[in-house]
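One structure below.
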4 protein chains.
Amino acid sequence: MPPAHPFDDDKLKEECGIYGVIGVADAANFVALGLHALQHRGQEAGGIVCHHPDHGFNNARRFGYVRDNFTDQNLMATLPGPLAIGHVRYSTAGGKAPVIRDVQPFFGEFSMGGAAVAHNGNITNADALRRELIERGSIFQSNSDSECIIHLMARSLQKTIPDRMEDALRRVEGAFSVVAMTRTKLIGVRDPLGVRPLVLGQIGDGWVLSSETCALDIIGARYVREVEPGEMVVITDQGVESRRPFRKQPSRFCIFEHVYFSRPDSIIGGRSVYETRRQIGIELAKESPVDADLVCPVPDSGTPAAIGFSHESGIPYAMGIIRNQYMGRTFIEPTEQIRNMGVRLKLNVNRALIEGKRVILVDDSVVRGTTSRKIKEMILDAGAKEVHFRIASPPTAWPCFYGVDTPEREKLLAATMSEEEMRDHLQVDSLRFISLDGLYRAVGEAEGRNAKCPQYCDACFSGEYPVAPSDQIEKGFTLKAAE
Amino acid sequence: MPPAHPFDDDKLKEECGIYGVIGVADAANFVALGLHALQHRGQEAGGIVCHHPDHGFNNARRFGYVRDNFTDQNLMATLPGPLAIGHVRYSTAGGKAPVIRDVQPFFGEFSMGGAAVAHNGNITNADALRRELIERGSIFQSNSDSECIIHLMARSLQKTIPDRMEDALRRVEGAFSVVAMTRTKLIGVRDPLGVRPLVLGQIGDGWVLSSETCALDIIGARYVREVEPGEMVVITDQGVESRRPFRKQPSRFCIFEHVYFSRPDSIIGGRSVYETRRQIGIELAKESPVDADLVCPVPDSGTPAAIGFSHESGIPYAMGIIRNQYMGRTFIEPTEQIRNMGVRLKLNVNRALIEGKRVILVDDSVVRGTTSRKIKEMILDAGAKEVHFRIASPPTAWPCFYGVDTPEREKLLAATMSEEEMRDHLQVDSLRFISLDGLYRAVGEAEGRNAKCPQYCDACFSGEYPVAPSDQIEKGFTLKAAE
Amino acid sequence: MPPAHPFDDDKLKEECGIYGVIGVADAANFVALGLHALQHRGQEAGGIVCHHPDHGFNNARRFGYVRDNFTDQNLMATLPGPLAIGHVRYSTAGGKAPVIRDVQPFFGEFSMGGAAVAHNGNITNADALRRELIERGSIFQSNSDSECIIHLMARSLQKTIPDRMEDALRRVEGAFSVVAMTRTKLIGVRDPLGVRPLVLGQIGDGWVLSSETCALDIIGARYVREVEPGEMVVITDQGVESRRPFRKQPSRFCIFEHVYFSRPDSIIGGRSVYETRRQIGIELAKESPVDADLVCPVPDSGTPAAIGFSHESGIPYAMGIIRNQYMGRTFIEPTEQIRNMGVRLKLNVNRALIEGKRVILVDDSVVRGTTSRKIKEMILDAGAKEVHFRIASPPTAWPCFYGVDTPEREKLLAATMSEEEMRDHLQVDSLRFISLDGLYRAVGEAEGRNAKCPQYCDACFSGEYPVAPSDQIEKGFTLKAAE
Amino acid sequence: MPPAHPFDDDKLKEECGIYGVIGVADAANFVALGLHALQHRGQEAGGIVCHHPDHGFNNARRFGYVRDNFTDQNLMATLPGPLAIGHVRYSTAGGKAPVIRDVQPFFGEFSMGGAAVAHNGNITNADALRRELIERGSIFQSNSDSECIIHLMARSLQKTIPDRMEDALRRVEGAFSVVAMTRTKLIGVRDPLGVRPLVLGQIGDGWVLSSETCALDIIGARYVREVEPGEMVVITDQGVESRRPFRKQPSRFCIFEHVYFSRPDSIIGGRSVYETRRQIGIELAKESPVDADLVCPVPDSGTPAAIGFSHESGIPYAMGIIRNQYMGRTFIEPTEQIRNMGVRLKLNVNRALIEGKRVILVDDSVVRGTTSRKIKEMILDAGAKEVHFRIASPPTAWPCFYGVDTPEREKLLAATMSEEEMRDHLQVDSLRFISLDGLYRAVGEAEGRNAKCPQYCDACFSGEYPVAPSDQIEKGFTLKAAE
């Protein structure tokens, strides 16, 4: 399976995209399109569950891209009905071979009828919940923490599925956006902090729930509003009912959605993601200017910030690194080893452009630092005179436990090195990250970060976790010492 | 199979990429990498032939991407030896289902041993040659015009394979770059006009032939020189022998390789393709300036020209159109028809950026005009105030018969309309193409086009065919009237 | 998937074979061999679960033949360990497309560790159990009645898995042979009546459980004894422990296992199945002699009875009908319809042998009668002078609810017609079934059937069901009126 | 791919079956059925070529069984038209991996139109012909000796395809039955000796050519006559034209077709193959009687001879060896080696029947003797008191060069041992082969073999080759010394 980004192995990875549609003919076709637009949020596998009054619930789960599976006419014909939900995921099961029964949505038959649930985020007390449920006789089919939700629902004594879901989600800690369905209802929920995104759209007489607005655009749906942190929406052919199952809290949306996860053509909180990233480039150019000949993005995710940096600095923007469009499986390396083959397969330097130049490279983040190093070498091999890195996020020093795949803390370059040490390690002429305040300004907080009550979840930068990661703490993870 | 470009159905398409390696262990692995880097020249199918002293000739031909086939360890293990050639192709068989026996390289057993041949270009007298060969008892296995070459070789009375190839190619009219191999020799040839590209590289003690330099970079090979128009190079472990089988003529390289076919990180005639395209944007901005708020490329092929246009005009460069990275097979459209679904699947407008703006869209070419129209509508739907198209090539008014897939003449928008009529047809605020002289200046001809003896093949723009397309004329094609 | 017998659509079908091995290296390989030998008991799908101390539980479930799936070295390498169980099944889900999650063994994670269960038979109160379990919060993953067992186990309050299994099986009504495993135990159970078979074997220091002895032979295991009706055996590296979870009852083994289901090289109750069938032929020849020229089996299942009939009657045995060895998927019939194509694909008449002869055809059973009719026509078309059917079982007049796929009662020819009416319907010169007493004699009951307390389950012939089919009665099935 | 017979590796193997139909709608569907009935003549691959007036020639070639490929509705829809031929083959390419371009029929485009050719047999001067054709400029696509025929046709100066085929076949030595087609003609030819079979049938207004009559039966075609040795039939909608391209010779039909290759329900020369084999059993019982308790066939090919032996000797016939119906790919043997696993997978002994008995085993032939030995051990392990082998053919002491796959001479048991030595080698109580005269009597030659001018080709028994195997002699094969 081709990775989403050229250095996928050195990026944080969003783990899921969720989508649901009600009130249109052949809802599963819309869901397939929506999941396709959310493919950057999870490339490993995808699943769709749908319901038709005559044919009941049907589902399909497949490894691989949405476009390679859910475009098959024979398959889509098995997914009829006006109501469907879907899920794309990136695997979180460290090292294990993926298994199809881990692919969401999960389905359960209850005494009042069936329900399906798809989840984006991470349940931080899933281990404890799973132990308790097994003790009481539940049989788990998957290794996914998300399966807890459907078992908690199966055991709830409430009479309706939305009520059972409220019951279940009140037992769950962590970050979650959920899309669920019964025979007649489409349900969306965001956790009280609203860490993961979820938006509401309208298409004709039907309604859509989606992780991002770009997946409303693809089907021509109109953006209505975000599902609010702590809100549950229950949508039927009577319209949208809003519930508030949780105690109210100040919200803490994931700031990394702005930096990298979301697509540049999505809109979050009324702001264009592209424009936010361009603003990050402008802030970076203000905070850390440098005299140079060219501003080059590390493709493709560094592009908007590089455009902003070029605009603010007046240094010309150029495509110094060209990405091979046909990336994919790993080639067998010829026996005579070629240095950096891994990178050359995906990227090539525009040698004629770079030679003799002082080059500013704009990238979105530094995780392990392995690819930054390779790119620097490619650029120097091509004859660059100077290489300056400008990074569109603060140093990533802490793992995320809210639905993002991060390396263990000791593998994060910024967990063990200062900015200056990282520069030495990467052997570049300069290396600068945007400041945390600069990032907050770029996302629209003119005053920067409110240290008392941060406006966003920025735990990966700050180590301040808005929800205690209890399963991890039990396994030995040490929180940042209070200052 | 995913298309290479978002509007593949409205682009001219290069039909082939060729590659060969000699003098390294496991040459087929290098060829796989090289073909991967040439994938933009042909996405339908690929083939590799190799030779090993103990295992003889082996081959594999597959539909689909190089990365999906030639990364399989089991397959590659069947392709041993220090000498291999390969081919990627885009189908030219109008409407017919592709058949694997049309996939090159073609192989023939001669009395002095076997030989394999891969061809980029088009043989303009192939129909006549085929008729003659069948009459004399040859049995064709494919529908490809390129198979003529190997049958002509089989019937040559010469004693060596290079001599037989000279014999064969002297009977052939049209445009051709050829890579061929025997048990011990790697052979490269360009037709006398040098219409199609072919370059020579070196890796360790081995040698490489490739359609483009980007495929030397991927394996870390050093660029040596271009194979010259009319030259045959015969490479053995003794080195490179240069032959001149044809009468000398002024060269006529395909100018569209600069505009669109070649990868931006390739180098042609000492010039960076990226830089040439940026210069086209500069020329366009000089020739056809317009007052506007943003310069946006039609991704991805319009990007370098848009950067040049922005640089010259001082109008900010912006990514107004975002390309979905996971394009591919056609989705099943939901029953409630959605306008422009085809385009939305692949592209999305950055609505927040475009709204209320005067937008310059830079595209590489206009063929049928169908997608230009759809993009204009997307931009207007997103609230743009004005839409100005700037095209990085002159109007495409004539079909190519030299190895490029073009629609029939009557389907080319520029064959039936003036620039002004096209503007009306597309309903945009302005539409300007670069002039033919401007294009020649951008590729480095300071004086522009030499009308007496044009420096390039520009038949698709000018209708002046450097080699008479005899099969086509027999079928009724009418050449441009002499002026 | 090729059917097991040429007229599969007109046969009763055994629904499952089960197998388990403990105490050998790579137990899954033995299970694959065993399931291959039991393939005649279920051709639709197969599954294996295994356990390795280091690698935990692993499983594979596949549609299709054992030989087509469980011979793949890559697959088998994922199934390590000294303990494994497996299952082959014929689908029972009337009309529905088969789904892989219905394929056994079923697995559950309990608080004391995991367990897997494979089942041959049918649970006659499964509907009621399922409703109750869902009401209490269990989530079913399959449509199989067998899944009830593992959910009942999950909810048991017992401390060990064998104890939980006793708990579960005491709630279950119907016919069942079960093979199950934990991390360290192989478990086998037969229901109190012992309707379905299960035998115990030994191989080296290891132990084997199998539906039939032929699957001991294939791996060279030594036959030890049958698991007794109502017995549970729990096998560890300490040896075999025998438990008696149920109240003692007189046994009622399925007599049709002798007639058709079991393989002729298996041994049941100390008797060779082949020899029993030959004895049926001898009984038939005694009960219903007829003057004729040839005795021909309907291949392959009628062969031993035909040999016995020939031996007793002195009429020569001959292969009048030849079976095509390569049966399989349905061919597309040429547009000019050919009568009886369905049968000709699988069988052909030995015309030269049959012509002008009086032929006795020996078949194992008559279900719908559709194929008996076709065979009669083939034989007459080939020029036979007379056709006499001799059937190696009594008229099949009642459906089986104990793990055998039978048509609804009204589709059974013998449910609506007398023997004479059937003869008229089939238009043959004579038609005779073995008597129920004759069948009992052939299986070794010298006195015939004990009407007060029949020695076998013969419900399909007699309508006397040893366990009330409660789910069926709830759905409207009418038992035979008491006489 | 499952083998045809349980000991395929120790049998002579017929290499091809051929089939053709003209004058019916969707002829390819009939050909698929015919090839299915001929599957025993070649299991490795199959191919069909057809012609439709509007759609021209189409073809499909596939590895694997006919039933697994040519039952796919999508595939068959690509094979329209009233005229089609087909081929099934067993690979002859010793050791090499099979390649699809070796699969027949072969197709060639000539100046007067296309033709396809399928061949059963072997061309004994193919090496010399191939060398000559390559020298003159023909390009071979396959490794098959049969491809010579189509190249010879391509180079013929004759004006019609039947005339060109006469030209070509006159150059060819060896044994061949050919089915060929043009746009309007179905053509059948047998070599002058008529070594390989070919029969003519009629279905409605259409005509059929087939290797055996059993493949007429499957489509309901009426048997008309055999194509005669040395005859060419050219069938159009005007009827059947008979030609005689070769000099007349006494015929030499392959006697092994009676013994093993042909299906028992086929008719050869007016005789039922089943009946011939039963007669062989009768001859055997007369020639080599033995006192014993049971006559058991080695399934399935020994069955008719065993029935005959039992009938003649009065010793009861019994199924002492049971064949597993679901043979196929090789299973992974468990690490604890089990002796004779290879055989147990396919066969099992009916232990209860055999124990303490004196057993006569009837097999069709002994080639290497490897499996005879294994079967003997199985029988003794099961407790047999005595084992007597009776073989339904004379000792196989010479390889066949006329289209049958035989081991090299030194691997044939009978090439190096006398009958008595073989008995010792196999360690059985007795071993007897039918005499060559006895075999001739069984096939209907009351006087036995005519040593001066044998009525059949029996080279594999006698070493008397009716056509000199010239390619083999060139490679060093030594003919039997004249006596």
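Glycine too: its Cβ is placed from the backbone N, Cα and C atoms.
Per TrEMBL, active site, nucleophile is recorded for D:Cys16. Taken from TrEMBL, the feature [4Fe-4S] cluster binding site covers D:Cys254, D:Cys400, D:Cys457, D:Cys460. TrEMBL lists D:Ser301, D:Asp363, D:Asp364 with the feature Mg(2+) binding site. If you look up TrEMBL, you'll see D:16-238 marked as domain 'Glutamine amidotransferase type-2'.
Cβ-based neighbour count (10 Å, all protein chains) for D:Cys16 (active site, nucleophile) stands at 25.
If you take the C-beta of D:Cys457 ([4Fe-4S] cluster binding site) and look for same-chain residues 6 or more apart in sequence within under 8 angstroms, you find D:Ala175, D:Leu193, D:Val195, D:Arg252, D:Phe253, D:Cys254, D:Ile255, D:Tyr402, D:Pro466. Nearest by CA distance to D:Asp364 (Mg(2+) binding site), out of the recorded positions D:Cys16, D:Cys400, D:Cys460, is D:Cys460. Cα distances from D:Cys16 (active site, nucleophile) to the binding-site residues D:Ser301, D:Asp363, D:Cys400, D:Cys460 are smallest for D:Cys400. Distance from the CA of D:Asp363 (Mg(2+) binding site) to the CA of D:Cys460 ([4Fe-4S] cluster binding site) is 17 Å. DSSP classifies D:Cys16 (active site, nucleophile) as strand under the three-state reduction. Taking the mean position of the Cβ atoms of D:Ser301, D:Asp363, D:Asp364 as the Mg(2+) site, the remaining same-chain residues with a Cβ inside 8 Å of that point are D:Tyr260, D:Pro297, D:Val298, D:Gly302, D:Ala305, D:Val362, D:Ser365, D:Ile391, D:Ala392. Highlighted in sequence order, D:Val195, D:Ile255, D:Phe256, D:Tyr402, D:Val404, D:Asp458, D:Ala459 have their Cβ within 8 Å of the centre of the Cβ atoms of D:Cys254, D:Cys400, D:Cys457, D:Cys460, the residues recorded for [4Fe-4S] cluster, and are not part of that set. The DSSP secondary structure for D:Cys254 ([4Fe-4S] cluster binding site) is strand. When averaged over the domain 'Glutamine amidotransferase type-2' (D:16-238), pLDDT in the model lands at 93. Cα of D:Asp363 (Mg(2+) binding site) to Cα of D:Cys400 ([4Fe-4S] cluster binding site): a distance of 20 Å. Around D:Cys400 ([4Fe-4S] cluster binding site), the C-beta neighbours below 8 angstroms that are at least 6 residues distant in the chain are D:Leu12, D:Phe256, D:Thr406, D:Ala459, D:Cys460. When secondary structure is read from DSSP and collapsed to three states, D:Cys457 ([4Fe-4S] cluster binding site) falls in the strand class.
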